[in-house]
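**Q** Copied straight from TrEMBL:
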REGION    1-36  region 'Disordered'
DOMAIN    35-64  domain 'WW'
REGION    70-122  region 'Disordered'
COMPBIAS  70-93  compositional bias 'Basic and acidic residues'
COMPBIAS  102-122  compositional bias 'Basic and acidic residues'
DOMAIN    140-193  domain 'FF'
DOMAIN    205-260  domain 'FF'
Amino acid sequence: MNKKNQQNHPLKLLPDDDNSSNGNKPVASTPVPGSPWCIVWTGDDRVFFFNPTMQLSVWEKPVDLKNRGDINRIIEDPPHKRKLETSATDKSDGSYAEDLNDDHSTKTKRNKLEDPENAGLDKVEEKNVKASEDQIILPLEERITHFRDMLLERGVSAFSTWEKELHKIVFDPRYLLLNSEERKQIFEQFVKTRIREEYKEKKNKLLLAKEEFKKLLEESKLSPRTTFKEFAEKYGTDQRFRLVQKKKDQEHFFNQFILILKKRDKENRIRLRKMR
């Protein structure tokens, strides 16, 4: 596969085309220890990476495997080639080709039954593994949209750094949609936008909480002498009380309301005196 194209389009999804040649179909796979990925070999000696949990197949080495030194060793030692070499020593020249096909077919079927990592793998792989010329490349704008959605869904904080938030997204398949430079660029844009949005959201949330808290105060029939401790003990489990999360805000709203009650009480007493 052309390396230049691979750099320009970091995630190459394996296309959905049922007319692939037998040479492009998977012939062997092996799980990568300590990761959710499997390495899969096709009949024409190409390799791709398959994640059965995410149902994702990609040509490029996933980011969580890039710094592992054992990956190349695994790729260079395909299990089906080892089987062929072992079988060759036990076969005569005359019957080698015919017996090899039967032996390979039998072992492949047995491996499907015995290896739990391969359960359901072949169906997904045969559907997804195709010729590199027909690879489906998602448009950049669409990849950016998916990446932004991932940042939002994974709860990436606008007040944190790329390094601190990386663990939230690195294992999401959408992380692979962009290359390293694009990821950080979109992250910075996302952060700037989200800071404004989060400030607005927090402000609106606090206003709503304040309104609900005020309704609770009005319904509670408090007297000017009621203390915050008495109020909290009686209504602390009320959802409207808990909407205001900070105690200092609860006390502030309570004290404001009590001041209004005291002022109202004083005005009533003055009015009564004038009426006498």
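Glycine is treated like the rest: Cβ placed from N, Cα and C.
The structure displayed is predicted, hence computed values, not measured ones.
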**Q** Pull the DSSP breakdown for the domain 'FF' (205-260) and write it out as helix, strand, coil residue counts.
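**A** Going by DSSP assignments, the domain 'FF' (205-260) contains 42 helix, 0 strand, 14 coil.
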**Q** How does the domain 'WW' (35-64) divide up by DSSP, counting helix, then strand, then coil residues?
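**A** Summed by class, the stretch gives 2 helix, 13 strand, 15 coil.
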**Q** Write out how many residues of the domain 'FF' (140-193) are helix, how many strand and how many coil, based on DSSP.
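**A** Across the domain 'FF' (140-193), the residues distribute as 41 helix, 0 strand, 13 coil.
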